[in-house]
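Here the structure comes first, spelled out in structure tokens, and everything after it is commentary.
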Amino acid sequence: MEHLISVLELLKEGKVAESDSNVKVYEKSFTEKENVKLVMVNEQDGKWILAVGDGELYKELNGKDIKGLGKACPLSHENRLVLNNYFTYTVPQAFGTKVATMGLGDRLGLASPGHIQTLRNRKVKPILAQQSIRELTLTNRTMIDILDAASFAVFQEGYKDGYGADGDHIKEEKDIAYALSLGISFLTLDCSDHIPNQIESASDSDVRADYEKLPQETKDYFNEIYLNQSFDVDGLAIKYDEIALMKNVLLYGGALNYTEHVYKSYITEADKAIDFEISIDETETITSPDAHFFVANELKRRQVSVTSLAPRFCGEFQKGIDYIGDMKQFEKELSEHASIAEYFGYKLSIHSGSDKFSVFPIIGEYTKGVLHIKTAGTNWLEAVRVIANTNPDLYRKMHIHAEEHFEETLKYYHVTPDLKSIAPLEITQDADLPNYMDNDAARQLFHVTYGILLTATDEQGNFLFKDEFFKTLNEKEETYSQALVKHIGKHVDLLGL
Ligand SMILES: [Zn+2]
């Protein structure tokens, strides 16, 4: 606390102190409002917002008085809410269908400053908070933690161009209501529980039999609109024969009903604009362009307007590695998906979008730079790379633990790494440890074991890695930010944003 005195004295005069070995001062955070001057600092025992002045804002901020000069306010949830009230740029906002957005999941609560530095002055807005229920559960974090971290990062960087917060891959109504009540600006509705997996491989007679069971009025409705009709999407002809129509109805009928319900009960009822994304990607069924059109056209008929839609593309979008599959087929279908999205007036959304370097240029081209793309685990992998670079002993312990526990992750994640292609740790020099993050199998190994690594404890309940991991990254904050600027910057460059 001693070190903060000189910073406060200068702040009183409206000046920002320079960082020294004791205190890092985030100069971009400096701001003045209603007689109060604020700046964020990082001292040995953590980050604080220093406040001097008087008035309502000063009173509302909770903090320790420092020799009558001002106060040091912790980055608490309560203080975040106070910032939100006085500084609108710290509140998540919706962006609509005309501007590109990038989901930047931050499993650690440390990546957002680097993400802001990456996207500042680009043609894409950051969705800084983006965490699925799965990720929250696996890391023992709450949605409130995620929103607090994003808000403080925006304040730290003095970033005033707007950011979003995504309630990611939410399935259940209670989670939707909860996420909206916390102030998210983007909702990704995961419809996978409503998309039956067996239809795609079912025989024609089984499809027919299932379809027959639907109410007569449902069948009449779909037959009249779609059967043997031709739709023209800016030159792309879409047609449905009997079996194709039946399959689409059986596959997506339930998801459409659920989406309509969520839209009408939550999105239109929310007290602010919400970017509403529908995700039909987390299923075993590849979304054909015909199926995409069917879903889009039904949403329109039901007056449900979505901001973005995430199809499941052909080939594989595995976590943390490049695209796997037939590039020609992918390009053809991508161009059709992009046309359909443009025709209906929403953005195409690319999930598991990190590290797909070989297809980014065509994704940027066909979407004309108006898309949503989600990244998450890759940001954690860059953190692991920083550990490998700066704390080799910790990296080695984590690597061994990840290998020992890899199997347990397969119930959450679909990845197929060739673990034998990972160089044995015993023969790898410290200087070569960061290269593991260039090996696809090692990337996937760490990509899926984050929850296990960050929650692992010894018999006494002490964390095996977590505390040292965070301590190292806190000390190397700038190194981590620069790693993200480089890595995510490469994504943005290739997408043409
Ligand atoms: Zn998804």
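Note that Cβ sites are derived from N, Cα and C of the backbone, with glycine treated the same way.
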Open item on the list: Record says H169, K319 bind divalent metal cation. Source is TrEMBL. Which of H115, H261, H351, H372 does it list for that same site?
Closed with: H351
Open item on the list: Around the divalent metal cation site formed by H169, K319, H351, list the extra residues of the same chain whose Cβ is within 8 Å of the site's Cβ centroid.
Closed with: S132, D281, E282, S352, K374, A376
Open item on the list: Which recorded positions from the set D168, E277, K319, H351 have a C-beta atom lying less than 6 Å away from ligand 1?
Closed with: H351
Open item on the list: What does the structure give for the C-alpha distance between H351 (divalent metal cation binding site) and E277 (active site, proton donor)? Integer Å is fine.
Closed with: 11
Task: Rounded inter-Cα distance in Å - D168 (active site, proton acceptor), E277 (active site, proton donor) - done: 9
TODO: Name the secondary structure element type, per DSSP in three states, that contains K319 (divalent metal cation binding site).
DONE: coil
